[in-house]
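**Q** Let me begin by handing over the structure; questions about it come next.
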Amino acid sequence: MKPEVFYKTLADQGIQLTDQQKHQFHRYFQLLVEWNEKINLTAITEESEVYLKHFYDSIAPLLQGHIQNEPLRLLDIGAGAGFPSLPMKIIFPQLDVTIIDSLNKRINFLHLLAEELELEGVHFYHGRAEDFAQDKNFRAQFDLVTARAVARMQILSELTIPYLKLHGKLIALKASSAEDELTQAKNALNLLFAKVIENHDYTLPNGDPRTLTIVEKKKETPNKFPRKAGMPNKRPL
């Protein structure tokens, strides 16, 4: 997907990018490739692949109408090089985006990226999702949490649901169908007082399969969740 095709595909779906937004995506691509030689950010570095499999893939929740250009607080867990939240932030600048990542080198990249792209209302923190979720400045403070190919729902739900406000939503992007995952996650979702409200498969323009799952927080999360760092992975709920 060449940049021009990316712009046209968005325009066809009602999103007209400004010259500034086009420049932001172009600079994002350049910095991603440049920094990828120093630290491992992505295996995808060819321009048309980055525009398709990182930029276009990341904005599926926008294209499908799940996120609007409103001053919502969005947390991205394990965003790596900023996906999916920063492409969404470029298109919908009103979003207030927070990223937590366990690797400090990636956080350094994100700080530089945000400065270069002149993004405002973005916040980056180095650490584990399990730890920040017990901090009152983070717990139950977000309207939305996004996660792209981070972990199975059984694990992901414990890492993310505590951050949501009541009736806030987790938006999980996956590369394959999530049906089996959701069956395995039933117990975790029950314990966390959360419910799957949408789950559907779709394809990228090149035919690659994708799944988008939305989980809503129905009641306050019990204080014991999430458990200590490493436990959700070691012993899923």
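Note: Cβ is positioned from N, Cα and C throughout, glycine not excepted.
Residues or ranges marked as S-adenosyl-L-methionine binding site by Swiss-Prot on the basis of sequence analysis: GLY78, PHE83, ALA129, GLU130, ARG148. Residues annotated as region 'Disordered' in Swiss-Prot: 218-237.
Looking at the shown structure, what environment does each listed feature sit in?
**A** Around ARG148 (S-adenosyl-L-methionine binding site), the same-chain residues six or more apart in sequence whose CB sits under 8 Å from its CB are ASP57, SER58, ALA79, PHE83, PRO84, ALA172, LEU173, listed in sequence order.
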**Q** Using a Cβ cut-off of under 8 Å, list the residues of the same chain at least 6 residues beyond the region 'Disordered' (218-237) that approach it.
**A** 128-131, 133-134, 139-140, 151-152, 154-155, 157-159, 161-162, 166-167, 184, 187-188, 191-195
**Q** Just counting, how many other CB atoms are there within 10 A of the CB of GLU130 (S-adenosyl-L-methionine binding site)?
**A** 19
**Q** List nothing but the one residue from GLY78, PHE83, ALA129 whose Cβ has the fewest other Cβ atoms within 10 Å; the candidates are the binding-site residues.
**A** GLY78
**Q** So, by DSSP, how many helix, strand and coil residues make up the region 'Disordered' (218-237)?
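**A** So the region 'Disordered' (218-237) is made up of 4 helix, 0 strand, 16 coil.
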